[in-house]
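Peer 1: I grabbed these lines from Swiss-Prot:
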type	residues	note
REGION	1-33	region 'Disordered'
TOPO_DOM	1-65	topological domain 'Lumenal'
TRANSMEM	66-86	transmembrane segment
TOPO_DOM	87-91	topological domain 'Cytoplasmic'
TRANSMEM	92-112	transmembrane segment
TOPO_DOM	113-173	topological domain 'Lumenal'
TRANSMEM	174-194	transmembrane segment
TOPO_DOM	195-199	topological domain 'Cytoplasmic'
TRANSMEM	200-220	transmembrane segment
TOPO_DOM	221-256	topological domain 'Lumenal'
TRANSMEM	257-277	transmembrane segment
TRANSMEM	280-300	transmembrane segment
TOPO_DOM	301-373	topological domain 'Lumenal'
TRANSMEM	374-394	transmembrane segment
TOPO_DOM	395-399	topological domain 'Cytoplasmic'
TRANSMEM	400-420	transmembrane segment
TOPO_DOM	421-455	topological domain 'Lumenal'
TRANSMEM	456-476	transmembrane segment
TOPO_DOM	477-497	topological domain 'Cytoplasmic'
TRANSMEM	498-518	transmembrane segment
TOPO_DOM	519-551	topological domain 'Lumenal'
TRANSMEM	552-572	transmembrane segment
TOPO_DOM	573-909	topological domain 'Cytoplasmic'
Amino acid sequence: MTSSQSFLRQRKPQANDETESELHNTPEPTKQDVVWGKTPGGEVFRVPTTHDVITTLFNPRYKKSHLDLLNLTLLGFQLVLFFILPRRASQIFFLFYFAFWRGAYDAGLGWVLTKQSKKKWIVREVQRLGWLDEKRRPAVRNWIRKQLADKMGKDYSFDDLPLEYNTWLLFRQAVDVILVNDFLSYCMFAFSCFRVPEGLSVLALLILRRWLGGFLLIAFNLWVKTEAHNVVKDYGWYWGDVFFQRGNLVFDGVFELAPHPMYSVGYAGYYGLSLIAGSYAVLFVSLAAHAAQFAFLVFFENPPVAASYKKISRHVSQPSNASSNGDIEMDPNTRSLISSPRKSATSQHDLLNKYFRRDVVVLRNLDLLRSTDAMLVLIIAYALMISFLPTLSARTMLALHFLHALAWCMIHYVGLGLILQAQSKTKFLVRHFMKNYHYSQNDGGGGAIVEAFTNWKAIYNLSMCMTYVSCVGVVWKSYSLPHDWTVGNELLRHTLGALLVGLHVWASMESFEVLGVFGWFFGDFFMEEFPTHLEYTGIYRYLNNPEAMGGAAWFGLALISGSKLVLSLAVIRHLANWWFLSSVENPHMRKLYGDSLRKDAGFVKVIKNHAPELKRVAREVKGTFDKVFEETADAVEDFLAKCERSSGPRISEVVQETKVLLQQSRERLVITRVSNDISAYDSSKYHVSISPSSLTGERTFHLGEPITIKWQAPHKHSRKDWIGLYRVGANKSNTVTKTSSMGMWLPVHGEEWDGDVPLGLKRVPSKHLESENGVVTFKGNTLPWLVGHYEVRYHHDGKYNVMSMDGPLEIFVDKPSDMTFSSVRNSLMRIVPLCLDSDPSLIPFSCKDRDPDDFSFWSEHQAKRICAAIKQVFNVDYAPEVVVADANLTALANRILISKEILSTRSDT
């Protein structure tokens, strides 16, 4: 598991630089004794001393809160039931009772902690309910204050501490109830399943060993938990980092023993108790509970920790052996590797992108256009098929081999043909590798071409070999050795078949002799460095397309085997090859070589020159190849024309309608909800207006520029009102919105919403105000990241009733007048900061020892924005990983220039 996922309760507080800088005026002796915390809002406070749950719950010297009394009552309830219930009933009850508390822990706490981490949900709920507000809920506040004050020490002051800390103290009391009851209910279930084995005297030594091992595991479990608590303290034990900040994370103590010791070796006691109980039921319940705890780790705890302590990309222009003030103290072995001397000052970011480029891990990052990935999938598929293929009859096996050969035939000629056709028209393969993989700036743009062609060669050769091998498989399954070669046409069939196979081999060898590896692998579809002229030598002196003779072996094998399946396979292969030549290779040759292509093959010219009296015969000879193709094409065209006359208009209409629906489907995936009380509101009193851009002074905004909207509404307007941005023309109605905003919306009272859920806070009514106004600013993910014209709509009560509209506003992007390095870089200097939310920490131009063109990312969305902007400005596609790998304006500008040069080469040919 990666380091970003290994923070669970591995938290040892360490002084934060920012916190220390704010506390420089603190007297020196106090700094060593006092622990300081910091809220998300920046408020610094002294963290009081807390006590562990065992001490506060069972030590009579400590006062008990009402929640402590509830906890003790539940514990006593379990003990009483254990002694009064029959053994079988006790087992069933405590099984479900433990499942309840385990679910409350893993699912309940997981859900609550996730919402608190993302949206500060617990704190906001306390605010919404007014539990700690002296004016709104004084009785509840005083009760909570007493509960917390009784549990804390003398250094605790309820009124002096921030809301986040007091909310955390209240939260941890609820957590104590869950944790303690979860533990005891498991123990009660295990004890109810305990039995003394029969034949104790015979198996005494074995049982004693089992019990001894169980007690050792329990003791080890207790030691791990105790040591872990000593390291992380209550702050880490009760997930304090989702409420406030108390320091950075380091690894220490028991956390060097095993990964996630609290959730791995920290559950050894489960298996110790299973050994002592000697029950498979306890063992399987332990395994299920342990698995649920790991699910809690993976799905609930790791994501917020990773989001809090790790950025997606940090492009640091430092030598890899330089010391780093990171947020995490590394493992000693890792640290020794990092600190080893290097000859060059290459950053770790650059090294990672140099040696690792979307590598396949199991099946993650799979790319079937990479030859190694395609071969991996084939090996896995064939291995699975061999392993799970049942015993089949000879007839079924023959049909399976035929389908196998047919599939490879279609993959080779049609599948690869379509890829090659796309490469000829749009440089599809080169674009794919250029978009998804990072290449060094020093390769002059050739890296993508070389890799695309290298992978194409491997895939093409693999496909061609599998085409022949699969065909031979069908022949082998259908062939039977003749009993008498002199009877019938057996000898003739084998002779003609062998001759056709020999003709195929000769034609292929002659073709390769003329074409070489460049022509054999269709190099002119990829590379422009080679000369663009044709030489008709060898077999090409006589035939324009000797590849047409390549199917001779298939017909020869059909003769030899005498199988209709092989014959049909040969015909299908012949038609597929004809389609490939006429639709893929010949159009590309005409585009590339133009008039230098000859019309007649060599042997046709000879017949035309030396036998004019046999002109009609010559046409028939020429038709041996070309005419067959033409007649087949005419037949297919006639068939399609007949189909088109009967159903063509309807099919075209359906296709066109489908395209339109698909284009609008994302926007229209919304169930329009309208308000029933709309008649009680006067829409004329609502007003929304677009503030002009600070850059242009008009309603035109650069892509990524924040858009400010002013609104005015009656004082009694709903607190759930919201404003959305929509493409002009997306909604036909001006009274009801029927398309999705695609995330481009904001509530008019953002402080009263938890993400997309209104908190339902009540406002204090005012008799003097008739209207209320405010401002919302669209930025980041709420902005449209596609150029075009948009309109603003003010909606009522969380529904889709439109109260006011304004627009249009235009989203534009400046395109450089010429494709030079300076113009491209200047465009990026404007685009990139806007895509990074204009966060100065992500573009540290003045940071020490840093390339001034470097930039960083907080989220993958920012990298996607840059990709979208580059596509709209320069018409070049990049995957987010490529932009993250560069993370530098100069590098990105060079990449764009090289890409444009590669993609524009011969575009007008």
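Every residue gets a Cβ built from N, Cα and C, even glycine.
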Peer 1: Under 8 Å between C-beta atoms and at least six residues away from its ends: which parts of the chain pack against the transmembrane segment (280-300)?
Peer 2: 5, 8, 91, 95, 98, 102-103, 105-106, 109-111, 113-114, 186, 189-190, 193, 260, 263, 267, 270-271, 273-274
Peer 1: Within the topological domain 'Lumenal' (221-256), how many residues are helix, strand or coil going by DSSP?
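Peer 2: Counting residues by DSSP class gives 24 helix, 2 strand, 10 coil.
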Peer 1: Sequence-remote contacts (6 or more beyond its ends) of the topological domain 'Cytoplasmic' (395-399), Cβ cut-off under 8 Å?
Peer 2: 474, 477-478, 565
Peer 1: Using a threshold of three or more Cβ pairs below 8 Å, and leaving out pairs closer than 6 in sequence, do the transmembrane segment (200-220) and the transmembrane segment (174-194) count as in contact?
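Peer 2: Not in contact, no.
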Peer 1: Within the topological domain 'Lumenal' (1-65) only, compute the mean pLDDT.
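Peer 2: Here the mean pLDDT over the topological domain 'Lumenal' (1-65) amounts to 61.
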Peer 1: Quick check on the topological domain 'Lumenal' (113-173): DSSP residue counts for helix, strand, coil, in that order please.
Peer 2: 44 helix, 0 strand, 17 coil
Peer 1: Please list the DSSP helix, strand and coil residue counts for the topological domain 'Cytoplasmic' (477-497).
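Peer 2: Across the topological domain 'Cytoplasmic' (477-497), DSSP assigns the residues as follows: 10 helix, 0 strand, 11 coil.
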Peer 1: Sort out the residues at least 6 away from either end of the transmembrane segment (456-476), same chain, that have Cβ-Cβ distances under 8 Å to it, and list them.
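Peer 2: For the transmembrane segment (456-476), the far contacts come to 369, 371-372, 374-375, 378, 398, 401-402, 404-405, 407-409, 411-412, 415-416, 419, 423, 429, 521-522, 526, 554, 557, 560-561, 563, 565-566, 569, 573.
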Peer 1: Residue list, the transmembrane segment (66-86) vs rest of chain: Cβ under 8 Å, 6 or more residues beyond ends.
Peer 2: 56-57, 93-94, 97, 147, 151, 173-174, 176-177, 180-181, 184-185, 188, 191-192
